[in-house]
Each structure stands twice: as structure tokens, then as C-alpha cells.
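A.B. asks: According to TrEMBL, the active site, proton donor/acceptor annotation covers 150. The annotation Mg(2+) binding site is assigned in TrEMBL to 11, 386. Annotation comment: TrEMBL describes 18, 210, 211, 212, 213, 214, 284, 285, 286, 332, 333, 334, 335, 336 as ATP binding site. Annotation source TrEMBL lists substrate binding site at 93. The site 'Transition state stabilizer' annotation in TrEMBL covers 182, 243.
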Ligand code: AMP
């Protein structure tokens, strides 16, 4: 019997590179590594294979090429050298596919050129993803490389949900529409929820709440997204770690005209200094709860604004869907913070949503139900796994081509 097919999944950020070796057929993750502080004076590099962790902290990692080479060296050191597994593809997490890419797509020179064109739409995400693709293609030239886009799942959003009510010609000319993000996670989690319940995906109306550092909600009817909270960029929608989500666009005009802020200053304010951090001085919800318990009013305000927005979107998506069979919490906060889940859904019994406090507090980390046995809407916690979804997309492309 041949060794199981393995995909190397790469998520390349501006100063970090994450990679996993995944067996898509079994869902097993063979190795998981993070290379951080690329381009800084000293690097951080770690790789976990089974219960073995190897690290190479300290030596500088000047660029993404060095980062990937370090990852390969650590894989070898930890006993999962690339030539010891049946590596069939490299999957690349790509954020913004614009209007061009909405299927897992083989990485070619043309794709890279197009992603460069799309860089202004995702300045924080697309350029480092392109770097990751370039170095990986150079180091592993004989393997197929496949890009999986965060926007892809939402490509067919119904037109009223995808359209901003602005000048149509201007929107057309500059490709302004609501693209949506975290699509790989929303798709994976909604499929997992259906599998967990043993109900066909096409029969379920779901609200998926991806609450991580970035956060987004999606309304999914029968497996097809009908609305999502992020838009042209990942700034819109829910309150996030450092991003405000929805704001009156007039604030931006006001800051430019009256406060004299430049576009770059406003960009930094919106992407890095807003959200839970901007209000409460903290992005990590574990710390936020500690500060609230200690009587910190700013932390309490940050939490209350976060929950208020989340409840607003849940209400909106109940109306968009007509009713929800399932509400799913996922990602760092959604999977781990029972207080957020409780407060997001508190007092909604009248809408058929009843959370069981004991189940909600359970330390179990696998997919689980947290609603009462008679709650008309089932509430689930489902761990997301974007890397596995990307690995599965890669082998689906290979299988379709063979
Ligand atoms: P993600 O972007 O999905 O990795 O989520 C990261 C965020 O998850 C962190 O910034 C924390 O706010 C949150 N988080 C992680 N673990 C916990 C936990 N045990 N309790 C509450 N929040 C958590």
C-alpha cells in the first residue's frame, strides 16, 4: 500500500509563515510549524510533529525564502522530511481573489501577476501570499501549487447582498462589491456542522460566526452563502481584535477634512488601532475578561460593544434567512469563550434560541452542541480547520484533472 497523500499548506503573512503537512484523505495533520519575525534581527521558528516540537529561535530569518528553508530543515529535524512523505501538492492560502478567482486555482505566472494587480484591494494580505507562492514554487518546482481564496465561497452571493448602494458606474470601474472573507472557514464549518448533525447540508439554514482576531458572520442557506459581514475588504461587519467593523463612512471624511489625518493614518487607525483593542487596550479575550473582573471600565465597554454588534448581526441574519436551524460558533474566541457565546444569544428564547449553560461551559474541544435539547435552533461549537479545507481542495483539483 502506498503512503497516504500529503499536502503542504502554506499561509504566508508579511512577517510570518505558517505551514502544515496534512493528509487530506484522513484529515490527519502530520506537522505544524510557524516561522515568525521574518526580516527582523532575530527569528522565531518552531515545528511540531506528533508530540515532538523542535525550535530554532534566534538566528535571523531575512526573507520568505529563508523562512521556508527553515521550515523544511525543521521538518527534517523533527522526523517528517518532505522526501519521507508522499507529498502530492502545495496549497497556498490566498486572501483576495477579486472577481477573477473563485475556485481553487493552480498557481501560474499569470495567477501571480493577477494577484499583484489585486494587491490594492488587500494590501496587508495579497503581497505576502504572492511572496510565499514564489518561494515555494522555486523550492518545490516539481509539485503542483494551488491557491485557495478566502473570498471564493462568497463569489455567488445574491446580488442585493453583494452590492453597495453607491454610484454603479464607479463601483463597476473600480470593482467595488462585497466580496466577503474567511470563506474557507465558513464553508468548512458549515459542512462540519451538517455532518455533526447527520443532516444534509442542503436542508440547513445556518448562521456561522467566525470569531477570531478577525471576525465575520455568514448566513448560509442550504450550503450557499446568502450574506456575510465582511465586504470589499476585511474591515466591514463585526467588531474585531483591532478593526472596528461597521463604521459610518462619514467618520473617514471627517477625520481627513477636520482632523487633517492622512489616508495612511486613517488606514492604521482602522486596521490596527480600533476594535476591542481600540476601546479596551487589549485584543486577547482572556485578558479582557480579567480586566473586566478587576473593574476596568474600558475593557467592559469594549466587550459590550463587541457583543452588541454580534447580536445585531445574528438578528439581521435571522431575518435574511427567515429562520435559522443552526447557529455555529468557531475560531479562537468562538471556540474558547463561553461568555461570548452566552452573551451573544442571551434572552433569545422567544426567537427559538436556548443555550444550555452547562454544555456551553464544557471544556470539550471537539464539535459539540451547546443548546438545550428542545431549543428549536441548534447552537453548535465547531472547531475550524482552514488548512485541512485547503488540503482537501488541492486533492480535489488533482483528482478532477486525472
Ligand atoms: P484566531 O484568530 O482564530 O486564532 O483567534 C485568536 C483570538 O482568540 C485571540 O486573540 C483571543 O482573543 C481568542 N482566544 C484564544 N483562546 C481563547 C480562550 N481560551 N478564551 C478566550 N479567547 C481566546
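Backbone N, Cα and C atoms are what each Cβ position is placed from, and that goes for glycine too.
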A.B. asks: Please identify which of 150, 284, 335, 386 has the densest Cβ environment, defined as other Cβ atoms within 10 Å, among these recorded positions.
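C.D. replies: Neighbour-count leader: 150.
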A.B. asks: Quick check on the recorded positions: of 18, 93, 182, 243, 286, whose CB has the lowest count of neighbouring CB atoms inside 10 Å?
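C.D. replies: Sparsest of the recorded positions 18, 93, 182, 243, 286 by Cβ contacts within 10 Å: 286.
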A.B. asks: Any idea which of the binding-site residues 11, 213 has the thinnest Cβ neighbourhood at 10 Å?
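C.D. replies: So among 11, 213, the binding-site residues given, the one with the fewest Cβ atoms within 10 Å is 213.
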A.B. asks: Which binding-site residues from the list 93, 335, 386 come close to ligand 1, meaning a Cβ under 6 Å from one of its atoms?
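C.D. replies: By the Cβ criterion, which requires under 6 Å to ligand 1, there are no hits.
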A.B. asks: In Å, how long is the longest CA to CA span across 18, 210, 211, 212, 213, 214, 284, 285, 286, 332, 333, 334, 335, 336, which the record gives as the ATP binders?
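C.D. replies: Max Cα-Cα spread across the ATP binders: 24 Å.
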A.B. asks: Restricting to the recorded positions 93, 182, 211, 243, 286, which ones have a CA within 10 Å of the CA of residue 386 (Mg(2+) binding site)?
C.D. replies: 93, 182
A.B. asks: Under 8 Å between C-beta atoms and at least six apart in sequence, can you list the same-chain neighbours of residue 211 (ATP binding site), or say none if there are none?
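C.D. replies: Listed in sequence order: 238, 310, 329, 330, 331, 332, 333, 334, 337, 340.
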A.B. asks: Roughly how many Å separate the Cα of residue 335 (ATP binding site) from that of residue 93 (substrate binding site), to the nearest whole number?
C.D. replies: 22
A.B. asks: Measuring C-alpha to C-alpha, could you say which of the recorded positions 11, 150, 182, 243 are within 10 Å of residue 18 (ATP binding site)?
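C.D. replies: Correct set: 11.
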A.B. asks: Would you list, in sequence order, the recorded positions among 11, 150, 213, 284, 286 whose CA lies within 10 Å of the CA of residue 182 (site 'Transition state stabilizer')?
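C.D. replies: Neighbours among recorded positions, in sequence order: 150.
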A.B. asks: Going by C-alpha positions, which of the recorded positions (11, 93, 150, 243) is nearest residue 286 (ATP binding site)?
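C.D. replies: Going through 11, 93, 150, 243 one by one, the closest to residue 286 (ATP binding site) is 243.
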A.B. asks: Given the recorded positions 11, 93, 150, 243, which one's Cα is the least distant from that of residue 284 (ATP binding site)?
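C.D. replies: Result: the closest of the recorded positions to residue 284 (ATP binding site) is 243.
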